[in-house]
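Asks: Have a look at this one before I ask anything.
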């Protein structure tokens, strides 16, 4: 005589408040069994659900920020951390990148007799590409790694769960302040890096290649438009959001103790850089379709 297989189900909402156990034939649950078997065998790649968590986290940050649920004290602390404490390394990097860029093309321009175009090319290159991208790369390496490491350590040590138990929302307390600080600080850092990069390039061109600073400034003024500065600030805001969201998402999804924290930190920085380059290409395609008109003004 064949044995009839049954499944046991616990139903917690009985009249006396105690759970009861009921039986259900497996013949009526074939679809449920198939679904459970499929889900138990299929597990999405880790990068897939981490990427999905980053999009979900970004949506939650936007919604909660619009609703005014922001921990402003933490936001001010993160603003100081992302802005003033990152200023020195950003300016130093921008200065040397500007001088290296000047060495590459000013000599060729002077040989072709295009001295009056040097300032315009420098201004357009720094405002449209170099300043936003270089600043974001430095911030991703310095601040993005710190965000991922901090939140990853809090996740593996269950400090984030403790915040939930205490009634605090981790997104409001940990994530939103970091996102706001990054999006606000990056545009100002970019403007300062633009000024320092232009200054270092002009000084080098004058000292080494004999291109007068007055000629460089006049050419830059004729080539540069207000939209170039605005687009640089928009780019840097987008880059700041990418850095903070990716770093925080990778931090709060950390698994595996100290080793997992290291892996999350490395992955967060790498993916932030990839996101910056992809976003830079997309925004450049949208913003700068008439680059030739700007260059004509400085000829």
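Cβ atoms here come from the backbone N, Cα and C positions, even for glycine.
Keep in mind that TrEMBL annotations are predicted by a computer and have not been checked by a curator.
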Asks: Labelled transmembrane segment by TrEMBL, one stretch among 7-26, 27-46, 47-66. Can you tell me which?
Replies: 47-66
Asks: Looking at the ranges 67-86, 87-106, which is given as transmembrane segment in TrEMBL?
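Replies: Of the candidate stretches, TrEMBL labels 87-106 as transmembrane segment.
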Asks: Would you please say which range out of 154-174, 238-258 has the annotation transmembrane segment in TrEMBL?
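Replies: Based on what TrEMBL states, transmembrane segment spans 238-258.
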Asks: The transmembrane segment (87-106) vs the transmembrane segment (188-217): three or more C-beta pairs under 8 Å (separation of 6 or more)?
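Replies: The transmembrane segment (188-217) and the transmembrane segment (87-106): touching, yes.
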